[in-house]
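Features reported for this protein in Swiss-Prot:
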TOPO_DOM  1-21  topological domain 'Cytoplasmic'
TRANSMEM  22-42  transmembrane segment
TOPO_DOM  43-54  topological domain 'Periplasmic'
TRANSMEM  55-75  transmembrane segment
TOPO_DOM  76-85  topological domain 'Cytoplasmic'
TRANSMEM  86-106  transmembrane segment
TRANSMEM  108-128  transmembrane segment
TOPO_DOM  129-147  topological domain 'Cytoplasmic'
TRANSMEM  148-168  transmembrane segment
TOPO_DOM  169-175  topological domain 'Periplasmic'
TRANSMEM  176-196  transmembrane segment
TOPO_DOM  197-215  topological domain 'Cytoplasmic'
TRANSMEM  216-236  transmembrane segment
TOPO_DOM  237-255  topological domain 'Periplasmic'
TRANSMEM  256-276  transmembrane segment
TOPO_DOM  277-281  topological domain 'Cytoplasmic'
TRANSMEM  282-302  transmembrane segment
TRANSMEM  306-326  transmembrane segment
TOPO_DOM  327-343  topological domain 'Cytoplasmic'
TRANSMEM  344-364  transmembrane segment
TRANSMEM  367-387  transmembrane segment
TOPO_DOM  388-396  topological domain 'Cytoplasmic'
Amino acid sequence: MSEFIAENRGADAITRPNWSAVFSVAFCVACLIIVEFLPVSLLTPMAQDLGISEGVAGQSVTVTAFVAMFASLFITQTIQATDRRNVVILFAVLLTLSCLLVSFANSFSLLLIGRACLGLALGGFWAMSASLTMRLVPPRTVPKALSVIFGAVSIALVIAAPLGSFLGELIGWRNVFNAAAVMGVLCIFWIIKSLPSLPGEPSHQKQNTFRLLQRPGVMAGMIAIFMSFAGQFAFFTYIRPVYMNLAGFSVDGLTLVLLSFGIASFIGTSLSSFILKRSVKLALAGAPLILAVSALVLTLWGSDKIVATGVAIIWGLTFALVPVGWSTWITRSLADQAEKAGSIQVAVIQLANTCGAAIGGYALDNIGLTSPLMFSGTLMLLTALLVTAKVKMKKS
């Protein structure tokens, strides 16, 4: 109880939201996401320039996710009492350094080192995002602030691949990463200007991160997070083969579907704060239930292009509630240990993304075209049931 009081005394004193700081965090998160996925659209020229296969070059994305998973788990144990403002500045420096190392890479090993630096920044920043947010705004404004941050994520996910592809043709892949390094420098200056001092956890309050899982409802919550994100990646990773073969979309048609998905996701994120103010638990249970029904509809009637497009829009709109909702759950139910809870959450999501994509791919190759949808829908239904039965939610 003393830890709760100590960590929230500063938060309780906040009467006016620091929106400049919130937007600086959102901008930094967006830059991290864009740089994370830049290689997806630049894979071919990167591979040709470095004299490696595209499959090997693709490991530049894998190593980032792998390092991010471990960074998220151990970052709070490492930084302890360090002022979080300085830690965030360090992450922005790592983002900039990563872009420069990749830009000047003349070997695959240097490329991986650069991408590993990004993984450290990505995992650490994501682990701290919820706890940072709740220290920048009053408690009643936390859902809105989180929706700003995840709105930036939605925009980044929509523009990362096409922006990288367009600029890569225009100025070359190395200069794309140089431009990203400039964004990193902007992050550094904006954070220095807007983010206040945020003292870390005193050493005498140090607590093992994994002890949080012993609290009532926390393990159930993390399992629900795992299943919902695994279900998402089992579906979304293979949306191209499913939509092109099941519904008969052309490449141009699929591009429009993905654009619609991205716009719907942004709208869903923007509306999430209004929904979460009414009931976080209802949102966390209702969203996966809607997604489970959507997966069933796509499995049964996905050959109709109108139905398939509608499902993509509903999916983007609905899943947008999930990351904002779970971050809100952490800020309310685990407010005294939000940073450590965020560490576990990020690691669980990274693992879920990997497992969901792997199992979905195996199902697609060995069972059938609609099998990733059935797997995804099953996970979403189980998530809804688990949240309803086991996940605890404290009122704000």
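Every residue gets a Cβ built from N, Cα and C, even glycine.
In terms of C-beta pairs under 8 Å, the stretch of 108-128, 148-168, 176-196 lying closest in packing to the transmembrane segment (256-276) is 148-168. On the 0 to 100 pLDDT scale, the model's mean across the topological domain 'Periplasmic' (43-54) is 84. At the 8 Å Cβ cutoff, the transmembrane segment (22-42) and the transmembrane segment (86-106) share at least 3 close pairs (sequence separation 6 or more) and count as touching.
With respect to Cβ pairs under 8 Å, the transmembrane segment (55-75) is most closely packed against 344-364, considering the stretches 148-168, 176-196, 282-302, 344-364, 367-387. Proximity of the transmembrane segment (306-326) to the transmembrane segment (108-128) is not established, fewer than 3 Cβ-Cβ distances being under 8 Å for residue pairs spaced 6 or more apart. Ranked by the number of CB pairs under 8 Å to the transmembrane segment (282-302), the listed stretches 108-128, 148-168, 344-364, 367-387 are led by 367-387. Long-range contacts of the topological domain 'Cytoplasmic' (129-147) within the same chain, counting only residues at least 6 positions beyond its ends with a Cβ under 8 Å from a Cβ of the stretch, are 10-12, 14-19, 21-22, 25, 29, 84, 88, 196, 198, 269-270, 272-273, 276-277, 324, 327-328, 330-332, 335, 338-339, 341-342, 345, 396. Long-range contacts of the transmembrane segment (86-106) within its own chain (CB-CB distance under 8 A, at least 6 residues past either end) are made by residues 25, 28, 31-32, 35, 50, 60, 79, 113-115, 117-118, 120-121, 124-125, 128, 132, 174-175, 177-178, 180-181, 184-185, 187-188, 191-192, 195, 200. The DSSP breakdown of the topological domain 'Cytoplasmic' (277-281) into helical (H, G, I), extended (E, B) and coil residues amounts to 4 helix, 0 strand, 1 coil. With a threshold of 8 Å between CB atoms, the same-chain residues lying at least 6 positions outside the transmembrane segment (108-128) that come near it are 28-29, 32, 35-36, 39, 46, 50, 52, 56-57, 59-61, 63-73, 75-76, 84, 87-88, 91-92, 94-95, 97-102, 339, 342-343, 345-347, 350. Residues 60, 105-108, 111, 168, 172-174 of the same chain lie 6+ residues outside the topological domain 'Periplasmic' (43-54) yet bring a C-beta within less than 8 angstroms of a C-beta in it.
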